[in-house]
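Peer 1: Sharing a structure, written as structure tokens. Questions coming.
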Amino acid sequence: MGLGRWVGFLALAIALYILWEIRQLLLLIFAAVVFATALNSLVRRLHQAGMKRGGAVGLAIAVLIILSIAFVGIIVPPFITQFQQLVERVPQGLERVQIWVQDLQNMLPGASQYVPGVDDLIRQVQPFATRLAGNFFAIFSNALTVLLNLLLVLVLMVMLLISPQPYRKGLILLFPSFYRRRADEILALCEVALVNWVGGILINMVVIAVVSGIALLILQVPLVLANSLLAGLLEAIPNVGPVLSVIPPMAIALLDEPWKAGAVLILYVVIQQLEQYLLVPFVMSKQVSILPAVTLISQVVFAVFFGFLGLFLAIPLVIVGQIWIREVLVKDILDPWNQEGHRLTKPPLTPMSESVAQPEPHLEAHSPTEPPLPTLPDADEQV
């Protein structure tokens with residue numbers, strides 16, 4: 001291996017190391033792109049209705065901020081109150097557990113050696129509580145980091161919405177000149193897929209929030225509005241979100257009546273099954289088809305390597321990656337090999353085969369002599 005190849009290999013290794021070190025920043029940038037793409041669809045509709053683009057961008061951002069503040073204001077204070085009530089009721093719960101353990105020991109005299117006492121349970125819980133109190137500063141620091149990351153995503157999203165075309169052109173210029181038109185087409189496909197995904201997720205979130213609210217209202221579980229909104233929000237995370245959404249209403253129902261916790265669990269399972277068989281096939285019909293196993297594996301992989309942010313962005317990352325693999329690797333590289341003129345081991349051309357073998361139309365469109373990419377009429381509205 002020559003010196004040039006060693007230098008190239010070293011440069012590639014350094015580049016991969018740098019990308020790995022800034023992986024969280026790259027995910028934040030991608031999150032800003034996803035949100036900007038979704039809001040850009042609303043901005044485009046407002047612009048088509050006669051509103052100037054600057055005013056449409058301001059209105060869309062204002063609506064997003066108002067909804068976010070209202071959402072946090074509705075959910076956070078009630079849950080803080082319920083958590084305080086939960087802490088106050090912990091001694092009562094321990095007394096009930098102690099009475100239950102004593103009754104069990106009276107019914108089964110030999111069970112005392114298998115069932116731990118309340119004092120033993122308290123001694124086992126104390127180290128965990130001590131560690132939790134000791135990590136309070138770390139928890140506060142992580143919360144502050146999350147807020148700063150959200151602020152960064154918001155700023156990047158606003159910048160992309162105000163002037164998206166320079167960023168889009170800069171990304172296209174990273175491709176060879178003969179492939180820039182094709183790259184622009186693939187970016188357009190990614191935009192459509194992301195908008196459809198966000199639209200489908202929003203419909204799912206609204207339906208799940210309404211149905212969950214009705215179910216909790218029937219069971220007379222406290223904090224119906226907060227729990228239903230939380231269930232709708234967590235619907236954005238497939239597989240994991242529905243499991244997490246059932247924990248708060250079950251805990252609150254357990255404080256009210258123990259039997260309600262089981263009823264909440266059963267109702268949430270029924271709601272999720274109805275969603276999978278009735279709502280998802282109708283709402284997600286316009287989305288890029290993703291196999292369930294691919295969805296689950298991608299969530300696990302991204303959660304392990306990138307944390308909660310990777311788990312949240314796993315589906316849009318898979319959607320974009322699937323489009324690029326299908327369009328570049330499959331259609332532009334692998335599919336032409338099935339044609340007569342693009343086999344790896346093609347036979348010698350005869351005069352007849354020379355007249356038949358023609359270059360692929362989509363490859364001719366990307367020849368090195370292709371004219372520069374024209375400016376589309378609505379290019380300034382694309383992210």
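Backbone N, Cα and C define each Cβ position, glycine as well.
Source: prediction; values computed, not measured.
According to TrEMBL, the protein has these features:
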TRANSMEM  5-20  transmembrane segment
TRANSMEM  26-43  transmembrane segment
TRANSMEM  55-80  transmembrane segment
TRANSMEM  136-162  transmembrane segment
TRANSMEM  186-219  transmembrane segment
TRANSMEM  225-247  transmembrane segment
TRANSMEM  259-280  transmembrane segment
TRANSMEM  300-325  transmembrane segment
REGION    344-383  region 'Disordered'
Peer 1: Against which stretches of its own chain does the transmembrane segment (300-325) lie, if we need a Cβ under 8 Å and a gap of at least six residues from its ends?
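Peer 2: Long-range Cβ neighbours of the transmembrane segment (300-325): 23-24, 27-28, 30-31, 34, 149, 186, 189-190, 193-194, 197, 236-238, 240, 287-288, 290, 294.
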Peer 1: Which range wins on Cβ pairs under 8 Å with the transmembrane segment (186-219): 5-20, 26-43, 55-80, 225-247, 259-280?
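Peer 2: That would be 225-247.
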Peer 1: Please report, as numbers and ranges, the same-chain residues at least 6 past the borders of the transmembrane segment (55-80) whose CB is under 8 Å from any CB of it.
Peer 2: 39, 42-43, 46-47, 158, 161-162, 223, 225-226, 229-230, 233, 248
